[in-house]
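As given in Swiss-Prot:
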- 30, 38, 41, 42: heme c 1 binding site (BINDING)
- 33, 86, 89, 90: heme c 3 binding site (BINDING)
- 43, 54, 59, 60: heme c 2 binding site (BINDING)
- 77, 105, 108, 109: heme c 4 binding site (BINDING)
């Protein structure tokens, strides 16, 4: 299966009605992540061959709880499993040696 990959995508928790995020949007650059398999982040690929936003309804759309598997926050920030979140993966890269993978909040979240 082949997919057309956008150069970048902007992820915004502002999409959730009634929620005011504390941090700004995140623009994800696919080019910097081309050595990572799509299904590493888009876990529905092997089953449905569709690529949806991480915050699609029914996937990671829980904005109230930070620890639930459906949590928007956990999806991007957990450090318990380096293969399951942005921060976890970036932290693992830094642990392995010099890396320019961002870890500071404002490195990804633009106000």
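Each residue, glycine too, has its Cβ placed from N, Cα and C.
Positions of the features from Swiss-Prot, shown on the structure.
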residue	record	Cβ neighbours (10 Å)
30	heme c 1 binding site	13
38	heme c 1 binding site	16
42	heme c 1 binding site	17
43	heme c 2 binding site	13
59	heme c 2 binding site	17
77	heme c 4 binding site	14
89	heme c 3 binding site	19
90	heme c 3 binding site	19
105	heme c 4 binding site	12
109	heme c 4 binding site	17
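Note: the heme c 3 site is recorded as 33, 86, 89, 90; in the same chain, 36, 85, 87, 88, 93, 101 also have Cβ atoms within 8 Å of that site's Cβ centroid. A C-beta separation below 8 Å, combined with a sequence spacing of at least six in one chain, links residue 54 (heme c 2 binding site) to 11, 41, 42, 60, 72, 75, 76. Taking the Cβ of residue 108 (heme c 4 binding site) as reference, residues of its chain lying under 8 Å away and at least six apart in sequence are, in sequence order, 26, 86, 102. Ranking the binding-site residues 38, 43, 59, 77, 105 by Cα distance from residue 90 (heme c 3 binding site) puts 77 first. Residue density at residue 86 (heme c 3 binding site): 21 other Cβ atoms are found within 10 A of its Cβ, drawing on all protein chains shown. Counting neighbouring Cβ atoms within 10 Å of each of the binding-site residues (33, 60), the lowest count belongs to 33.
Each of 41, 42, 44, 52, 53, 55, 56, 75 belongs to the same chain as 43, 54, 59, 60, is absent from that list, and has a C-beta within 8 angstroms of the C-beta centroid marking the heme c 2 site.
When the Cα atoms are compared, residue 30 (heme c 1 binding site) and residue 109 (heme c 4 binding site) turn out to be 16 Å apart.
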